[in-house]
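*Asks:* Dumping the structure here so I can ask a few things about it.
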Amino acid sequence: MAPNVEDMESDLPESEEKLEKLVAPQAAPRKYQIIYTNLLTFGYWHIAGLYGLYLCFTSAKWQTIILALILNEMAILGITAGAHRLWAHRSYKATVPLQIILIIFNSLSFQNSAIHWIRDHRMHHKYSDTDGDPHNASRGFFYSHVGWLLVKKHPEVKKRAKTIDMSDIYSNPILRFQKKYAIPFIGMICFVLPTIIPMYFWGETLSNAWHITMLRYVFSLNSIFLVNSAAHLYGYRPYDKNILPAENKMTFIACLGENFHNYHHVFPWDYRASELGNIGMNWTAKFIDFFAWIGWAYDLKTASDENIKSRMKRTGDGTDVSGQKYSCESSEVLQ
């Protein structure tokens, strides 16, 4: 996620035998230690982004706005198709050319290096909505959305980071390269080039180019952050009513198909992250399917219809994939 880096991980995990079992939802009392540099940085980014939004309606060239829209989608795909579904969950495999594309897209998103993002996300699934979860939604919307990046990590997060197996990630030279050269590589791709390109090719002003880059950046940040916050607090739970993650329609467009969060936490290894596959606006699944078609993505993992139906009947909240109620006695829960 965005800058709150503490090198807690090693490539090989330590034993969990001496650690207390955490049960969600959990939010034990704690003292928050604000990281003021992060607070000021996030504040500047958002103020600059709001000014960029103003410039879109007053002086920015249309080409600059179109470029920002395109780069925003690429940045989100760098998280959803790259750090999330490919590397964190290994829900499919990718050839080197596709991994290079995804690491460039991921750098556009600048939510720390992909390695840090993957570690935090694996912790999020292993200790979801407990004090071992870096963005514990049990602490409320603001904390899970961005507050966790503005304070020092919970002691449980620091302890349990050492239990996360990252050996597959550290054996990937593409991911190691991005982490090793994070400041120049990510800085160039996320901020410098998107500012220079409009100035060079169509004569945009520095102020317009920079502030619209900030707008694009904070929009992509908050789009992904909604999965941590809104999709853990609001929505319906067709697959498991006993967990916080929910199917949340408000995050549908912004997150390119990451809104089926109840499904994802039940079947995290499904590359579609949704029972609906690439139907509708699950653009991440469409992206992966395209590269599977040309042979750059392969070994795509999916949950079987039988497993999905069985889980819905056993632990679901009585809604179907669209959020409508169905009869638990019915043999057909999916339409």
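Including glycine, each Cβ sits where the backbone N, Cα and C put it.
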*Asks:* According to Swiss-Prot, which of these ranges is motif 'Histidine box-2': 6-10, 121-125, 126-130?
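*Replies:* That would be 121-125, the stretch labelled motif 'Histidine box-2' in Swiss-Prot.
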*Asks:* Considering only the recorded stretches 39-59, 64-84, 98-118, 182-202, state which has the highest number of Cβ pairs under 8 Å to the transmembrane segment (213-235).
*Replies:* 39-59
*Asks:* Work out, from DSSP, the number of helix, strand and coil residues along the motif 'Histidine box-3' (261-265).
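*Replies:* Once the DSSP states are binned, the motif 'Histidine box-3' (261-265) shows 5 helix, 0 strand, 0 coil.
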*Asks:* Would you mind giving the whole-number mean pLDDT across the motif 'Histidine box-2' (121-125)?
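*Replies:* A mean pLDDT of 96 is what the predicted model shows over the motif 'Histidine box-2' (121-125).
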*Asks:* Any residues 6+ beyond the ends of the transmembrane segment (64-84) with a Cβ under 8 Å from its own?
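*Replies:* Sequence-distant neighbours of the transmembrane segment (64-84): 56, 99, 102-109, 111, 114, 117-118, 121, 190, 194, 197-198, 202, 204, 208-209, 212-213, 215-217, 219-220, 223-224, 254-258, 273, 283-284, 287-288.
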